[in-house]
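Data block below; observations after.
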Amino acid sequence: MSLWEYANPVKFMALSGRILPWTAALSAICLVVGLIWGFFFTPDDFRQGSTVKIIYLHVPSALMAINVWFMMLVTSLIWIIRRHHVSALAAKAAAPIGVVMTLIALITGAIWGQPMWGTWWVWDPRLTSFLILFLFYLGYIALWSAIEDNDTAADLTSILCLVGSVFAVLSRYAVNFWNQGLHQGASLSLDKEKNVADVFYQPLLVCIAGFVLLFVALMLLRTRTEIRARRTKALLARERMA
Amino acid sequence: MKALLIRDLRLAMRAGGGFGLGLAFFLIVTVLVPFSVGPDSALLSTIAAGILWLGALLACLLSLDRILALDWEDGTLDLLACAPLPMEGTVSIKALAHWLTTGLPLILAAPLFALLLSLPSAGYIPLILSLLLGTPALSVIGTFGAALTVGIKRGGLLLSLLVLPLYVPTLIFGSEVARRGADGLSYSTPLIMLAGITLGTIALLPFASAAVLRVNIR
Amino acid sequence: MHLNVQDLSVARGGIAVLEGLSFTVNPGQALILRGPNGIGKTTLLRSLAGLQPALNGEINAPNESIAYAAHSDGIKHVLTVRENLEFWADVFGTNDIAPALNAFELEPLANRPAGALSAGQKRRLGLARLLVTARPIWILDEPTVSLDIHAVEMFANAIRAHLVGGGIALIATHIDLGLEADILDITSFKAKPVAMKDDAMEGFL
């Protein structure tokens, strides 16, 4: 019994069908609990007032925006190396979720930035990097939709994802060099001292769990749809041949 | 390899080869900028370096789909794939030919266009230096984009969408060199970064371009 | 120097079109492929030329021995006939294009831009390219399209000369070239749709 067995679409469909309702339900619970807790049962920040509560949307979506790209990079590598179709389809399925996460992070950031910095947008390195990440997502999705042949599309988008990742990291450093920013340091980190007090921190963790589960649920759902679409296509092709 | 380079240069020079098109585009962009931001030469001289870099980048972008699309349509790429040339060599030569016919003329014309935008005199050498080091990366990255979209009908717009984000680091460091130079500041750090990016892309990206091209030929 | 194919399966768009093909072509032999449109002749020839991966089986031929010619000839319209041929000669490391010009009666056209040629003349230029590659195995996909009777005769003569020199030719064509060649009808190798296996590793098909 190895993990690779779930690269078989049939096995994947069976397993994902079983865990999808659970992840969807769990994510709904986490999001409802985390957001209500965060919005209504935490004190206002002494400096930022109630605007700080937007972190319960901003931080999880920003985390997901980057991690979804990372997940696409891993699944693209698996496709290139082991050529499991499910892996390529999972990357395809994840991209639109990633783009929405990036958009949520950008918009909530703008809403937060307006009262804090007095402006909707600044060319801060973090903000700029997210905008660039958004462009990378758009290019990736556009390439998938432009190519008819499934395997060709999977190959080309995988290589684009690889090359794009390298250039995304390069862009991040270039942007840092180009402008030192306004944005506060990361709210969460493992090695540094916490920037966020415990009262804010606990609901934030619940919200992050909710976003991760939401992503997993959406990704499974979309991958299942892609697999079904592929199967339909394959069946039609067979019918034409027979 | 030499034969391919000579042929590509010859094709670019002959009628309909598009040689000079990028240059004309660069000129038009430079001329349009004062119309849109106003004729104030103090303002123009502060933004000149950035505008020239952006103009050069767009002029480069304009001719990218010619790198491979024509050879794709008439079957040359299929035949080259059977020839005793590694695909990595083919794409490198294609990128070199693109740089010689697009990048190099842009660099030579840039000082002239800089006059139009009243670039401060300290800015000329860093501008040329940064273009000289940066435009090869634009050609190599562009060839990767062209290889990705070669099989797609009307892939020009998609090509721009894919390539422009990849141009970000080159543009940032390149125009940083030109801007710092124009302000009379030291520009060696961004220049080294720019050189690093260019050398890195020249060394590594042809492998990705060749892989992508093989997939498209398949 | 043989072209040997063992139990070959080829696919178009990820779906097998031909399977179980085996044949050997010896030096000095030509093999003519027949079969209805859409059976997969082009796919087979492209796989043999190494342009696309085979699904299964083996293709045995010496390295860099294959020259491929298909519907599009890779001719540049703004270059002259001579420049077009010289380019391919340079790429393949040969330098004498006179025999190729001669074999397809292209000398009078040598200095004309290729864009000014008729369809048949372009086709002759495309076939002349085979001679300058100096490769022993020719893989030809419908080589006689738009050739007139006289030009077909030229082409047949070029093939004969190639075979006499120990070359190999694999030709997909519907017309009779007047060559002494084996004919292989690939219709019977059409891939059968495999039964849907639910536990197959990649169960899309």
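Cβ coordinates come from backbone N, Cα and C, glycine included.
What TrEMBL records for B:12-37, B:43-64, B:96-117, B:123-148, B:155-172, B:192-213 is transmembrane segment.
Packing against the transmembrane segment (B:12-37) from elsewhere in the chain are residues 43-44, 47, 51-52, 54-56, 58-60, 62-63, 66, 97, 101-102, 105-106, 109, 113, 116-117: each is 6 or more residues past its ends and has a CB under 8 Å from a CB in it. Contact counts against the transmembrane segment (B:96-117), taken as Cβ pairs under 8 Å, peak for B:123-148 among the stretches B:43-64, B:123-148, B:155-172.
Using a cut-off of 8 Å between Cβ atoms, the transmembrane segment (B:43-64) and the transmembrane segment (B:192-213) share fewer than three residue pairs, counting only pairs 6 or more apart in sequence.
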